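The structure under discussion appears below in the form of structure tokens.
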Amino acid sequence: MQQLEAGVELDYQSPTYKDAYSRINAIVIEGEQEAYENYLSLTKLLPDQAEDLTRLSKMESRHKKGFQACARNLSVDPDMDFAREFFAGLHGNFQKAAEENKIVTCLLIQSLIIECFAIAAYNIYIPVADAFARKITEGVVQDEYTHLNFGEEWLKANFEASKAELEEANRGNLPLVWKMLNQVADDADVLGMEKEALVEDFMIQYGEALEKIGFNKRELVRLSMHGLAV
Ligand code: Y39
Ligand code: FE
Ligand code: FE
Ligand code: FE
């Protein structure tokens with residue numbers, strides 16, 4: 001049991017908690033597995049940076065093992081079918097872009113959108129996690145910042161040539177993030193994670209990333225609003 005600021009008590013062993021955890025934890029495991037695959041795919045598209053990308057992909061597979069241990073620690077059986085379905089849209093878009101050699105789209109999906117989603121989720125989860133999961137998640141979130149940074153640096157270096165494709169990829173993928181968030185909002189709430197906090201944290205990370213890459217404030221607002229055009 002943990003006493004939260006809001007005064008809500010979390011019982012990590014309750015059936016309600018474990019049921020919600022079986023989906024959220026599965027999403028994270030599936031996300032880490034797909035991130036591993038995505039960075040490996042990127043080694044083919046960016047052979048000059050294959051070494052870095054291989055290192056990132058190995059970090060993702062370590063993350064996956066860490067979160068699998070979190071489930072075992074709570075005796076939870078992650079609902080992987082739910083998780084695969086949850087990620088199908090983004091996963092399909094990444095794979096299609098990779099087949100078409102669209103590096104910019106691949107980086108926007110994995111290194112910006114998915115990493116910002118991960119950073120938001122992990123930061124909001126850490127204060128309400130059980131002690132075992134908290135330790136693991138604290139280690140993982142540090143790595144996710146380096147993955148986000150990889151995408152930021154590449155897109156910044158290739159900004160002018162990437163702008164149009166970034167805008168198109170943003171329009172095609174940001175709405176999926178809101179759809180995904182809405183889908184797990186109730187389960188996240190059971191874990192003590194508020195949807196508003198997740199949205200806020202995501203928008204801050206994503207906006208900062210777009211700014212670092214080279215977009216101005218007006219463009220930034222426009223890109224963020226495209227997420228709402230479902
Ligand atoms: O780069 C990464 O490691 C990202 C794959 C991991 C994705 C994590 C997705 C988290 C969504 C959780 C939603 C909780 C409300
Ligand atoms: Fe796959
Ligand atoms: Fe990860
Ligand atoms: Fe990552």
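These residue numbers are counts, starting from 1, taken along the chain as shown.
Each residue, glycine too, has its Cβ placed from N, Cα and C.
Same-site candidate for Fe cation 1 binding, as annotated by TrEMBL with Glu60, His63, chosen from Glu32, Glu34, Glu37: Glu32.
Residues Glu60, Glu115 are recorded by TrEMBL as Fe cation 2 binders, and the candidate that the same record lists for that site, out of His91, His147, is His147.
Around His147 (Fe cation 2 binding site), the same-chain residues six or more apart in sequence whose CB sits under 8 Å from its CB are Ala35, Tyr39, Leu56, Met59, Glu60, Gln110, Ser111, Glu115, listed in sequence order. Close to the recorded Fe cation 1 site, the chain also has Gly31, Gln33, Ala35, Tyr36, Met59, Ser61, Arg62, Lys64, Gly66, Phe67, Val140: residues not among Glu32, Glu60, His63 whose Cβ is within 8 Å of the site's Cβ mean position. Of the listed binding-site residues, namely Glu32, Glu60, Glu115, the sparsest Cβ surroundings within 10 Å are found at Glu32.
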